[in-house]
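Novice: Below is one structure. I have some questions about it.
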Amino acid sequence: MSLHCLRLVRARHTLKTCLGQCRFLFGGTKKFDMKVCIIGAGVIGLSTAQSIYQHFHGRVTPLNIEVYADVFTPLTTSDGAAGLWQPYLYDKGNVQETKWNKETFDYLLSFLSSPDSIQMGIFLQSGYNLCTEPMEDPSFKDAVLGFRQLTKRELDMFPGYSFGWFNTALMIEGKTYLPWLMDWLGQRKVQFYQRKIGSFQELVDSGADVIINCSGVRSGDLQPDPELKPGRGQIIKVDAPWLKHWILTHDSSSGVYNSPYIIPGSCLVTVGGVFQVGNWNLQNSSVDHKRIWEAACKLEPSLQHARKVEDWTGLRPSRSKVRLERETIRSGSHVFEVIHNYGHGGFGLTIHRGCAEEAARLFEQILEQKGLLAHSKSRL
Amino acid sequence: MQRVKVVVVGAGVVGLSTAVRIAEALPYCSVTVIAEKFSPNTTSDGAAGILLPTEFPDIPLDRQQRWFKETFDHLLAIAYSPQAADAGVYLSSGFHIFKDVPCEKKPFWADLVFGFRNMSDKEMKLFPNHKFGQAFTTLKCECLSYLPWLEKRFRAVGGQILQEKVTDLHKLALNYDAIINCSGVGSHFLVKNEEVYPVRGQMLMVNAPWLKNFVRDADGKTYIYPGIRYVNIGGTRQVDDWRMEVDKEDSEGILERCSRLEPSLRVAQVMGEWVGLRPGRANPRVEREYLHVQGRQVPLVHNYGHGGCGITLSWGTALDALNLLRQSLFDKPPQARL
């Protein structure tokens with residue numbers, strides 16, 4: 001950007017701040033350009049944009065929401081994920097996450113009674129969680145439908161596994177859900193920009209009032225975060241339409257998702273079982289492919305004659321816990337607000353709505369502090 | 001040594017299951033299946049194939065349980081083998097829902113399927129017009145795949161196939177040492193037995209691959225059974241109705257009732273329609289009599305009248321038929337044919 005332009009943008013920003021202060025002093029209606037810039041167009045970025053719009057489009061005018069991302073559907077991490085709603089077995093004390101997961105489940109479930117559910121990529125599917133030893137009840141037992149322990153007769157079908165659960169859960173397929181979200185947002189005049197954002201400052205310089213960082217696994221490029229690491233996953237998509245249940249296995253010795261899983265989708269079946277922390281390699285590995293396939297065929301012998309369609313690798317944004325918080329950043333004389341919403345590991349689709357609503361709550365706090373809301377009572 | 005010539009009439013799921021069991025268990029028999037229709041044109045081919053028994057009034061419960069368990073265990077072993085896709089057999093979970101709370105809350109087969117339980121309140125919310133429900137996991141066996149699979153297995157042990165309509169069992173007995181009658185609703189004509197009557201069922205095949213769980217209304221007239229390449233939705237239960245043509249009003253009724261249970265069906269494409277005649281009878285007839293032909297006593301084992309439970313009871317009733325045959329060959333060894 002030329003120096004002249006930069007000066008103009010800075011001047012406009014200063015003017016906006018002055019106007020804001022004037023309004024605070026003199027009250028009156030808010031005719032103020034509130035620009036929210038969301039970085040990331042995976043399920044987290046898009047659903048956060050949706051929540052912001054839903055809660056504030058009538059209360060803050062004009063409200064400009066812009067989404068910036070280097071990749072959009074169908075090339076995001078969310079697109080490759082199988083789409084089974086299921087959190088990790090245990091939240092390790094992060095009770096907020098369990099709450100957000102359940103909120104997402106109930107939200108998605110409410111769409112089942114309408115034909116729209118198919119346009120959103122939502123449907124029910126039952127399945128098995130298999131363990132090599134008795135385990136405590138998982139965090140999601142009350143959120144899902146019909147949770148129960150597996151009987152011995154059922155476990156006999158899965159040699160090597162002596163304990164487990166059965167329940168009916170939801171599927172939420174990224175490849176369908178993300179286009180639906182983009183459509184929903186586009187109809188409401190949300191703007192999309194395909195470009196990689198190098199820094200928060202870049203957006204501030206172009207007029208962003210609030211930045212929402214939903215950049216997933218590459219958040220570290222915007223702000224170093226030693227807790228954020230890639231959890232590399234590789235899957236094989238298979239044509240096996242006789243499979244009507246998902247099967248997840250849990251082996252405490254190999255770690256979460258490093259154990260085979262088979263998840264039928266609306267079209268193909270996702271076969272996986274790799275979770276390599278620290279591995280940034282987006283290339284499909286034939287070693288992983290072989291390991292995944294052999295383990296899956298042992299688990300589900302009928303797969304042996306299934307047609308393999310394609311391989312895919314994605315990097316889960318894994319972190320000890322989700323980073324969902326505000327940060328006020330000082331840059332020279334400027335102060336700007338960032339809401340972080342990243343680090344959802346292998347449960348982004350599972351938790352997205354709960355987190356988006358929480359991000360909207362944080363956004364409301366910012367609006368209140370800036371005096372931009374006509375009513376001080378929170379609606380959230 | 002002359003082998004005992006056995007003929008099985010009918011090539012639906014009951015006929016082929018019986019033929020396979022006999023051919024595999026009795027190597028001293030040569031077995032021929034004779035039928036007018038073969039897969040994909042039998043009643044079995046159109047059926048959804050969900051393993052779900054109904055209770056027959058006059059057959060001891062333990063025998064009915066045995067019929068079902070024998071079939072369930074046999075198909076389960078296939079579902080968990082590399083042959084599952086070929087044979088068209090796989091696990092299917094779902095909901096059995098009731099508009100009114102039933103008196104009999106636990107059917108005789110509850111412990112034979114997997115994970116039988118009452119549906120939770122949260123699950124019942126999915127079906128606002130129903131008051132009670134049961135959830136369980138059973139098997140689905142698609143005859144479009146299973147019958148060819150059975151036929152392969154039959155031929156592998158030397159079984160013979162003849163395509164011919166049988167109209168006279170006495171004439172057939174001239175050329176065979178034993179007859180097994182698995183002619184389904186055809187028994188109405190073949191055995192001159194009006195105890196078997198058609199129960200007409202119409203069904204739609206719908207493209208809805210996102211549906212994974214079955215839903216069945218306990219009245220038997222509304223069901224959604226997700227299959228391999230399409231979802232079977234239905235149905236009708238029209239007694240004494242021999243019509244094989246598709247009835248447009250029936251189709252509309254099916255779509256309407258099923259869409260109420262599963263709203264996403266409203267946007268699903270209908271790929272086809274099908275009509276089949278269930279071989280209705282108060283109870284399945286699995287028993288033996290003798291035909292007197294040219295001085296010989298030819299055992300005639302009946303295995304028909306399974307209603308809507310043909311696939312569900314196929315392997316178990318086939319075993320009873322095999323045992324009846326084996327016993328009769330022992331009791332009255334076949335004499336030379338002239």
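Glycine too: its Cβ is placed from the backbone N, Cα and C atoms.
Note: TrEMBL annotation is automatic and uncurated.
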Novice: Please pick, from B:GLY253, B:GLY295, B:GLY305, B:GLY308, the residue that TrEMBL records in the D-dopa site together with B:TYR223, B:ARG278.
Specialist: B:GLY308
Novice: Which residue, of the binding-site residues B:GLY308, B:GLY310, has its CB surrounded by the fewest other CB atoms within 10 A?
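Specialist: Least crowded of the binding-site residues B:GLY308, B:GLY310, by Cβ count within 10 Å, is B:GLY308.
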Novice: Reported as an integer number of Å, what is the Cα distance between B:THR312 (FAD binding site) and B:ARG278 (D-dopa binding site)?
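Specialist: B:THR312 (FAD binding site) to B:ARG278 (D-dopa binding site), Cα-Cα distance: 13 Å.
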Novice: Cβ-Cβ under 8 Å from B:TYR223 (D-dopa binding site), same chain, 6 or more residues apart: which ones?
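Specialist: In sequence order, B:ALA48, B:PHE214, B:VAL215, B:ARG216, B:ASP217, B:ASN232, B:ILE233, B:GLY234, B:GLY235, B:CYS258 meet the Cβ cut-off.
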Novice: Between the Cα atoms of B:GLY310 (FAD binding site) and B:ARG278 (D-dopa binding site), what distance do you get, rounded to the nearest Å?
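Specialist: Given the Cα positions, B:GLY310 (FAD binding site) is 9 Å from B:ARG278 (D-dopa binding site).
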Novice: For B:GLY308 (FAD binding site) and B:ARG278 (D-dopa binding site), what Cα-Cα distance in Å is obtained after rounding to a whole number?
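Specialist: Taking the Cα atoms only, B:GLY308 (FAD binding site) lies 6 Å from B:ARG278 (D-dopa binding site).
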Novice: Of all the binding-site residues here, B:THR43, B:THR312, which one's CB has the most other CB atoms within 10 A?
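Specialist: It comes out as B:THR312.
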Novice: For B:VAL166 (FAD binding site), what residues in its own chain, 6 or more apart in sequence, show a Cβ-Cβ distance under 8 Å?
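Specialist: Long-range Cβ contacts: B:VAL9, B:ILE34, B:ALA35, B:GLU36, B:LEU172, B:SER183, B:LEU190.
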